[in-house]
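Taken straight from TrEMBL:
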- 19-34: compositional bias 'Basic and acidic residues' (COMPBIAS)
- 1-34: region 'Disordered' (REGION)
- 50-71: transmembrane segment (TRANSMEM)
- 182-200: transmembrane segment (TRANSMEM)
- 266-284: transmembrane segment (TRANSMEM)
- 304-327: transmembrane segment (TRANSMEM)
- 348-368: transmembrane segment (TRANSMEM)
- 420-443: transmembrane segment (TRANSMEM)
- 487-509: transmembrane segment (TRANSMEM)
- 521-540: transmembrane segment (TRANSMEM)
Amino acid sequence: KMSSGAADLRQRKKQNCTESDKMAPEERNKENSKLGRSPKYMLIQRFAKLFFGCLAAVTSGMMYAVYLSTYHERKFWFSSRQELEREITFQGDSAIYYSFYKELLKAPSFERGVYELTHNNKTVSLKTINAVQQMTLYPELIASVLYQASGSEEVIEPVYFYIGIVFGLQGIYVTALFVTSWVMSGTWLAGMLTVAWFIINRTDTTRIDYSIPSRENWALPYFACQVAALTGYLKKNLNCSAEKFCYLLVSASTYTFMMMWEYSHYLLFVQAVSLFLLDSFTLAQTEKVHEVYKIYLFSLFLGYLLQFENSALLVSPLLSLVAALMLSKCLQMNMKKGTFMSRLLKIMYIYLVFTITVTLNFLLKMFVPHKENEHLLKFIEVKLGLNTTKNFTMNWLLCQESLQAPSQDFFLRLTQSSLLPFYVLVLIICLFSVTQVIFSRICGEPLKETVKLEDGRIGERPEIVYHVIHTILLGCLAMCLEGMKYLWTPYVCMLAAFGVCSPELWMTLFKWLRLKAVHPILLALILSMAVPTIIGFSLWKEFFPRIMTELSELQEFYDPDTVELMTWIKRQAPVAAVFAGSPQLMGVIKLCTGWMVSSLPLYNDDDLLKRNENIYQIYSKRSAEDIYKILTSYKANFLVIEDSICNEVGPVRGCRVKDLLDVANGHVVCEEGDSYAYSKYGRFCHEIKMNYSPYVNYFTRVYWNRSYFVYRINTVISFQS
């Protein structure tokens, strides 16, 4: 029975495909004959519209990439810097990613380079890691292959090639957003407005300014391409060739996105929930939605194999949800019959999927050995107020700005650029229209095959409903964690631009207002051109001079103390030396010198998190002997103390590293509502600078400047006072 049902489904899809291919030209011919236009004239007009739209989309992407490159040059003076000074601009985890790219280029062959990364024992002391799997280094693998295969060694320096690829991907990102808005609204004017809002709100749409090699800067352009293709794929009355093209693009971009970012399956889970809700209210073709589910399954399976059997993908909520949806479909094959019982079962269907998803995920975590981030679940518990903790790592994460609720400045910036008011307007209209359509479906009214402009029912278009649900879900996440705004704000730009440029949205509004004085269709067409034009001119007048000023003024990023430290390490430290210090500084030392370090600024490995917490004890109130034992347990030879951490004066007192360490170590005493740090030992980073016993017995100062103090960890301990 299931095989015959599947055959019927394939046959029905073919019939729909051929019918849409046949019906579309017939309908266009009828419209053209009514308007007195020849098919040839209309073909030329459509081609011109498509050509200039594509040209505008590609030009927008290229101009944005050039803008990023110019701004980066002005900010860092990259072309006039030495290699060491350039590398210092990569901070934290960015430094680690770029250091592995350098190692790949230095390897005698690509195969040897990959082997050394997958069996890496030259980065973290006493630890062999599969860096490709643990740090998702597929972008660096691709970049190194392209650099060597294209013969770019004699043309361009490796660092320029690397950041050039990232800036090029950001151009693709903007182009994909342009196309998505264009496909939804039918006019590339919406794409231009999307790009304008994206660039103006760059502080809240991308992290490219602060962390070029970060995984999301490599991955999100592919997700934007997937969303653009999915938008086209969900459209009604799509011809067969366009549908196949969109399907292939969704497949390729979904898999690539999953390979580029370790957290990609969580974002795809949010997308899968959006599609599930879209299908639950029968607002889209079920066959298309389930084809996307199959793409998820294929991408998860292929990703699991090529990511060295990554068990995190097996226990991901995405796999559990998609498996639950497939199983529920088998159990509820005859549910959608249009009867009262079938409508009642819709609610049960949602409950059924939810129950199966949770159960499957629980069972998978029980039986599949995995190293999923347990601290992530603990973080969510503490963030939601379900638990409290004194753990240093957990409290340090909670203090990070990106993991706190967004500030008022964020909403103020979006309002000043007029983005937030128009987004709220478009979202309200679309939500009311979708609600109206859902109630109509509950009452048994079928969806129309084609939605005309005069109908004023924008909520019947499945691609619009998908984007409304998707932005709401991403918006809920962004309201909890400020770092999520980089996922949400770009699609806010896209949806707001689509809305103000869409005659259908204005027509939906006028249908509710029941305008009679002015012809609503004419007014909708006028407003869909006039409103974005006015917005564009106002944005040009207010923000274009600021952008030009940004590109014209020379900024200076120079850190002479760090340059001096790296130079000293390269000249004076033994090649086999192991350095200990804050994880962020260790990433820079690894990149600039190549020396082994005791910790890394990575937060997806429990062992590394424990190392980071232990080595951060150099800023706590612990004895010299305790610190010595910790450092020697990791075979560290040199200790680097940063004055900026030791004497940190943070805006939030409880979030300084030394405050968090005092809480974790139980060195905080509360009296009359105030908290005081107390220990029989002074703060190590202060006491070691005094050069008295017992500190000089364990550590010998070998280098210092205004920002850093370097101590050699003595192998033979002297107990002379």
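Including glycine, each Cβ sits where the backbone N, Cα and C put it.
Note: TrEMBL annotation is automatic and uncurated.
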**Prompt:** Excluding the flanking five residues on each side, which residues at least 6 beyond the ends of the transmembrane segment (348-368) place their CB within less than 8 Å of a CB in that stretch?
**Reply:** 276, 280, 311, 314-315, 317, 319-321, 323-325, 327-328, 331-332, 335
**Request:** For the transmembrane segment (182-200), find every same-chain residue at least 6 residues outside the stretch whose CB is under 8 Å from a CB in it, and list them.
**Result:** 49, 52-53, 56-57, 60, 64, 67, 174, 228, 231-232, 235, 417, 419, 463-464, 467, 490, 493-494, 496-498, 500-502, 528-529, 532-533, 535-536, 539, 543, 547
**Message:** If contact means at least 3 Cβ pairs within less than 8 Å, sequence distance 6 or more, would you call the transmembrane segment (420-443) and the transmembrane segment (50-71) in contact?
**Reply:** no
